[in-house]
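Over in Swiss-Prot, the protein carries these features:
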type	residues	note
DOMAIN	22-195	domain 'EngB-type G'
BINDING	30-37, 57-61, 75-78, 142-145, 174-176	GTP binding site
BINDING	SER37, THR59	Mg(2+) binding site
Amino acid sequence: MKIKSSEFIISAVKREQYPDDNLPEIAFVGRSNVGKSSIINSLTNRRGLAKVSQTPGKTRLINFFLLNKDFYLVDLPGYGYAKVSKKEKASWGATIERYLLNRGPLKKVVLLVDCRHKPTADDVQMYEWIKHYGYEVVVIATKSDKISNNQIGKSEKLIKETLGLPKDYKLKFFSSLNKKGKDELVDYLFDDLVEEI
C-alpha cells in the first residue's frame, strides 16, 4: 500500500470530539519516549505529521490523522512517564480507556515497546487491556537500530515471554532511523483496513 495523503484532523479528549464518519481506525500506543511520533511520521512519509516531543509525557490528547482519505491512524497518549503526578497519570489512563471502550471503528491497536528493554508492567497492563476489549493487537519493537543483529533474538524472546505472546507470534522490529522493512510494515498494518471499506 502507498500512503498518498495524510492529514491531521483533530486532537480529542472526549468521545463526542472523535470523528463520527465511521471510517476504520488503527491506534498506536506505547510508553512515553518509545518513539511513537517518529514511527507514525516514518510510516506516513510526513516528517512533522505527529509532533516529536523532546519532553516525555507531552502527548496528552488523542490525535486523529486521516490517511488516504480511507482510514484513521489514531495516536494515543504515551503512558508510564515517572515525572508526572498520580492524578495526571490516572487522567491519561482514563483518556486511553475511554477511547478503547466500545470504539466500533477501531480495528486494531499497535502496541510499541522499546526493543532495548524488558517490557514494563505498564506495557503488560496495556497489552492485557487491549485484549480485554477484544481488539487485534500488533506488537512492534522500536529502535531496532540501537541493538545488534544477534541481540534481536534475545530481545524477541524477552518481549514475547514478558507479554505472554505465543512462541510463533510474528513480532515486528522497526527503526524510524534506517526504516528497514518499512513498506512491508505499512502493508502489514494497513492493507486489511482498506479491504474492509
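Placement of Cβ uses the backbone N, Cα and C atoms for every residue, glycine included.
Taking the Cβ of LEU61 (GTP binding site) as centre and 10 Å as the limit, one finds 15 other Cβ atoms among all the protein chains shown. When the Cα atoms are compared, LEU61 (GTP binding site) and SER37 (Mg(2+) binding site) turn out to be 13 Å apart. Within 10 Å of the C-beta atom of GLY30 (GTP binding site) sit 24 other C-beta atoms, taking all shown protein chains into account. Within 10 Å of the C-beta of PRO77 (GTP binding site) there are 22 other C-beta atoms, taking all protein chains into account. When Cβ neighbours within 10 Å are tallied across all protein chains shown, the highest count among the binding-site residues LYS36, LYS143 belongs to LYS36. Following the DSSP three-state reduction, the secondary structure of PRO77 (GTP binding site) is coil. SER37 (Mg(2+) binding site) carries a helical DSSP state (H, G or I). Sorting the binding-site residues ASN33, SER37 by the number of other Cβ atoms within 10 Å puts SER37 first. All protein chains shown were included, and the count of other CB atoms within 10 Å of the CB of PHE174 (GTP binding site) stands at 25. In the three-state DSSP assignment, the secondary structure recorded for GLY30 (GTP binding site) is strand. Across the fold, the C-alpha of SER37 (Mg(2+) binding site) and the C-alpha of PHE174 (GTP binding site) stand 13 Å from each other.
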